[in-house]
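Q: Please read through the structure below; I'll follow up with questions.
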Amino acid sequence: MPSPGLLVLFGSQTGTAQDVSERLGREARRRRLDCRVQALDSYSVVNLISEPLVIFVCATTGQGDPPDNMKNFWRFIFRKNLPPTSLCQMDFAVLGLGDSSYAKFNFVAKKLHRRLLQLGGSALLPACLGDDQHELGPDAAIDPWLHDLWEKVLGLYPVPPDLGVIPPGVPLPSKFTLRFLPEAPKMCSEEQHMAGADPPGPPSEQQPFLAPMVTNQRVTSPSHFQDVRLIEFDITGSGLSFAAGDVVLIRPQNQASHVQQFCRVLGLDPDQYFTLLPREPGVPCPTQLPQPCSVRHLVSHYLDVASVPRRSFFELLACLSPHELEREKLLQFSAPQGQEELYSYCNRPRRTVLEVLCDFPHTAGAVPADYLLDLIPPIRPRAFSIASSLLAHPSRLQILVAVVRYQTRLKEPRRGLCSSWLASLDPGRGPVQVPLWVRPGSLTFPETPDTPVIMVGPGTGVAPFRAAVQERVARGQTGNFLFFGCRWRDRDFYWESEWLELERKGCLTLFTAFSREQERKVYVQHRLRELGPLVWELLDRRGAYFYLAGNAKGMPADVSEALTSVFQEEGGLSGPDAANYLARLQRMMRFQSETWA
């Protein structure tokens, strides 16, 4: 009798939901369950009515939005004409991934769980709500939930007694095989792949636009602790279109020194070519990789060796290790009871995949090349708020990039892969092209000419508001109020002359908070309180929209607290009524935020 089919469907924006889904797939196969793992929008949703067992893994993005690769599914599943018995044959479970610093924490998972029940589905468990803010990350909620899930599933579909569970130490087959070629191809497949044919539609993740970098300028003073860049791209002929609030996605590359070190530790020849073959029919090869492909291209453009490895990395590495002591340590890191030690070794100091492989040299040297794509996740694109408007800068796209560099207890400073790569590119030394594409952001601005907007953007959070101000000024929209905060007026006041000129012309009202220029630190939330009468007038009497962008740590909560205080003091509202007023603004999309960790 064939084993029952488990379907795992995911909606993932940054890769975490996909990683959890693939973990579910591995654990299912160890329990002798046939398992398919797919992005929600790649699955034919009409087939859902005949699926007996489905696990949904979905992240929540922005203002409680579904990830890009489940938006079509989201629209379908909430159609009002779907019968309430549509999914009456389905057992399901929902695993959510979110961030409790956002108001709509795990909104997508909660709403999907309720909708599946409305359509007749039978929930195996309450929804799991993983939280990025937990010290141990989402696994703190996922581990116990998965334990309960497998108990339920195996109650329905027991493991055949003649087969048994495949133990954790035995590796499952790799997804792909790498067939090495005896010599390099005569035509360079990588250059052809990067150039590509003319894409049928606008640039996308599958077919990004290779945008020439025009300028890469540091906009903080040399004495400032942080290097922040204003980078401009030429998008002439790209077919790209965007509005204020949209984001650009960029897929970075690994440092050449890291590529060399990785190849040395794993005993790989960077100049050797291979073709990639899926082990199972119907499994596509990654679109970002040319065929044939060199090891150098695979490592520099695809494998995220600079990322902090997830627990699944240690599980597979333990399976592949021939070295007893190293294997024992890797098993310890991958066990549920070893998560605090793993967090201390890996997550807290932000140790990378490459550094871990260097710490386990006997294991790294024995990793079969076939397992590289199972072991190391692909480089994920990074999203940046677009900081310019096409109405002000036709055929140009600008971003404001804070170059991530910080120290942990490890000797080498930690560096952000994308920001460091972008900062290293110098168009003054020769042509530089960066693969990019655009998608809608979570901020949308009113089109009516006389609706005021209050924008609160400390630090690089001001980037989307520069695009908004440029766009609104070009359209003759008035009532532009900007609260900007930074440390020092003369070190990190981005676009100072531009703001002051717009203010002189009567196109902008600017309020600043320079936190280090007086004994008591002053932040944007203090300015909001000081200007309470104006803020209340704009929101309550003139129907203003309120926007917030910047770091998710502390600042959004402080701004929300300042607003509720204004509602109480200026509007005469009680504490609960002030909180309800803010919630109503959020529901009406008159309070929008875009924050990042």
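Placement of Cβ uses the backbone N, Cα and C atoms for every residue, glycine included.
Whatever TrEMBL says is automated annotation, not expert-curated.
Marked as domain 'Flavodoxin-like' by TrEMBL: 6-150. As annotated by TrEMBL, FMN binding site applies to 12-17, 59-62, 97-106, D132. The domain 'FAD-binding FR-type' annotation in TrEMBL covers 206-446. According to TrEMBL, the FAD binding site annotation covers R350, R382, A383, F384, S385, G416, L417, C418, S419, W596. Per TrEMBL, NADP(+) binding site is recorded for T460, S515, R516, K521, V522, Y523, V524, Q525, D558.
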Q: Other than its own, how many Cβ atoms are within 10 Å of the Cβ belonging to S385 (FAD binding site)?
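A: Summing over all protein chains shown, S385 (FAD binding site) has 26 other Cβ atoms within 10 Å.
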Q: Across the domain 'Flavodoxin-like' (6-150), what are the DSSP residue counts per state (helix, strand, coil)?
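A: Counting residues per DSSP class in the domain 'Flavodoxin-like' (6-150), I get 58 helix, 35 strand, 52 coil.
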Q: Spatially speaking, which of the binding-site residues S12, A59, Y102, R516 is closest to S419 (FAD binding site)? Use C-alpha to C-alpha, please.
A: S12
Q: Measuring Cα to Cα, how many angstrom lie between T460 (NADP(+) binding site) and Y102 (FMN binding site)?
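A: Their Cα atoms are separated by 19 Å.
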Q: At the Cα level, what's the spacing in Å between A59 (FMN binding site) and A383 (FAD binding site), rounded?
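A: Per the Cα atoms, A59 (FMN binding site) and A383 (FAD binding site) stand 16 Å apart.
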Q: At the level of the C-alpha atoms, what whole-angstrom distance separates R516 (NADP(+) binding site) and A383 (FAD binding site)?
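A: A Cα-Cα distance of 29 Å.
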Q: Give the number of CB atoms, excluding that of V522 (NADP(+) binding site) itself, located within 10 Å of its CB.
A: 16
Q: Relative to the Cβ of R350 (FAD binding site), which residues of the same chain, six or more apart in sequence, are found under 8 Å away?
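A: Listed in sequence order, they are V308, T408, L410, R414.
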Q: Within 10 Å of the Cβ of D558 (NADP(+) binding site), how many other Cβ atoms can be counted across all chains shown?
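A: Result for D558 (NADP(+) binding site): 14 other Cβ atoms within 10 Å.
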